[in-house]
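To start, I am sharing the structure in question, which I have written as structure tokens.
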Amino acid sequence: MTAFASTALARRLDTAVQLAEEAGRLALRLRPPPGAPVATLKGAQDWLTEADGAVEEFLSRQLAERFPEDGFQGEETGRARSGTLRWVVDPIDGTSNYARGSARFCVSLGLIEDRTPLLGVLVAPAMGETFAARRGAGATLNGAPIRAAATTDLSRAMVECGWSPRRPNGAYFRLVEGVMGTGAMLRAGGSGALGLADVAAGRIDAYIELHINLWDVAAALAILQEAGATVSPFLDGNGLAEGNPIMAAAPGIAEGLVVATGFPLA
């Protein structure tokens, strides 16, 4: 990457942090109170709230004004603009949590070039957290550097699993059985993007989901890469268009998880 390109990317990261934090404040203002979901059901446990559209429209408009040459893809509007660089947005990741007034949700904003993650920003406004990373420049949480955990013993590991209706329940039963057979502690948090970010920050040791979409992971991929996590090749094959499975792990337990679960790392 040329010095100019690096400078241009740094400027985009600064802008992405600013816009994602502003989008997070918008999401907070629109967040429903705790209780039954305040949302429209798009599919099995797939919710759509007022904030999804409002946040995505805000980010699309602001990015078009600042970087008109860049492409844009959002969960709700699809690939609205084309460009060599593509912003990929999940306006509310963890919508099922958000729709019930929970704090565990985030705004996800990533930038990719072809199959290469260039930068990522995740803002969890109700938790006061901003994850950010730029290719070759490291990853941070609220400005402080983060790294994946140094865990090497699966029996002491904490592993989060996500769920997608695109895969049969039996596949998840086998995955859970494999993880629990290692002695690892299993958990589920309801936000794939934040689960992946927690791997990058060393808060958990792995995140596994048998199908996840590009907008869920575009920001997290850059953050994981810069934090030194081991990540399955999500962008291979049809990952850009159709999504893929994903596993992100502390390097010291990645191979053990592959053996235990049969999840391919390559």
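Placed from the backbone N, Cα and C atoms, the Cβ positions cover glycine too.
So TrEMBL lists the following for this protein:
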- GLU75, ILE92, ASP216: Mg(2+) 1 binding site (BINDING)
- ASP90, ASP93: Mg(2+) 2 binding site (BINDING)
Neighbours of the Mg(2+) 1 site GLU75, ILE92, ASP216: Cβ within 8 Å of the Cβ centroid, same chain, sequence order.
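Same chain, not in GLU75, ILE92, ASP216, Cβ within 8 Å: ASP52, VAL89, ASP90, PRO91, ASP93, THR95, SER108, ALA193, ASN213, TRP215.
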To the nearest whole angstrom, state the Cα distance for the pair ASP216 (Mg(2+) 1 binding site) and ASP90 (Mg(2+) 2 binding site).
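Rounded to the nearest whole number, the Cα-Cα distance is 6 Å.
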Long-range neighbours only, meaning 6 or more apart in sequence with Cβ under 8 Å: which ones does GLU75 (Mg(2+) 1 binding site) have?
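In sequence order, the residues whose Cβ lies under 8 Å from that of GLU75 (Mg(2+) 1 binding site) (at least 6 apart) are ASP52, GLU56, VAL89, ASP90, PRO91, ASN213, TRP215.
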So which one is it: of the binding-site residues ASP90, ASP216, which has the fewest other Cβ atoms within 10 Å?
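ASP216, out of the binding-site residues ASP90, ASP216, has the fewest neighbouring Cβ atoms within 10 Å.
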Count the other Cβ atoms sitting within 10 Å of the Cβ of ASP93 (Mg(2+) 2 binding site), across every protein chain shown.
29
Specify the count of other C-beta atoms within 10 Å of the C-beta of ILE92 (Mg(2+) 1 binding site).
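So the Cβ neighbour count for ILE92 (Mg(2+) 1 binding site) comes to 33.
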